[in-house]
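Notes follow once the structure below has been shown.
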Amino acid sequence: MPGNALLSLHNFYAELEAQSDAVEPGRKVALVDDLLAMGGTMHTACELMKRLKAEALECLVVIELLSLKGAEKLQPFRRRSPLQYDSARSRPPRLPGEEA
């Protein structure tokens with residue numbers, strides 16, 4: 001990756017890297033991901049923003065799997081997810097031609 005030295009942060013769930021000057025200190029950012037399952041990737045991204053001295057204002061995810069409780073790892077960050085799926089209560093939609 002070109003630019004200044006990389007800043008790397010990893011935990012049991014995810015490893016993320018960014019250039020050390022990727023975000024200006026004090027900058028307010030929104031983090032976006034397609035899926036929130038156990039929360040490790042988004043939590044690591046929030047921690048990486050802290051190390052870059054940026055402020056993660058909000059975590060936006062397209063789909064949240066409620067039964068895996070990933071949102072608990074994102075406290076105190078604000079989180080939004082327009083699509084929430086609870087496997088304990090819902091069944092995935094059937095495909096055309098599938099038997100009931």
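Each residue, glycine too, has its Cβ placed from N, Cα and C.
Remember, TrEMBL labels are computer predictions, not curated facts.
The feature domain 'Phosphoribosyltransferase' is assigned by TrEMBL to 24-64. Summarising the annotation, TrEMBL assigns region 'Disordered' to 80-100.
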Counts by DSSP class (helix H/G/I, strand E/B, coil) across the domain 'Phosphoribosyltransferase' (24-64): 12 helix, 19 strand, 10 coil
Mean of the pLDDT scores, which run from 0 to 100, over the domain 'Phosphoribosyltransferase' (24-64): 93
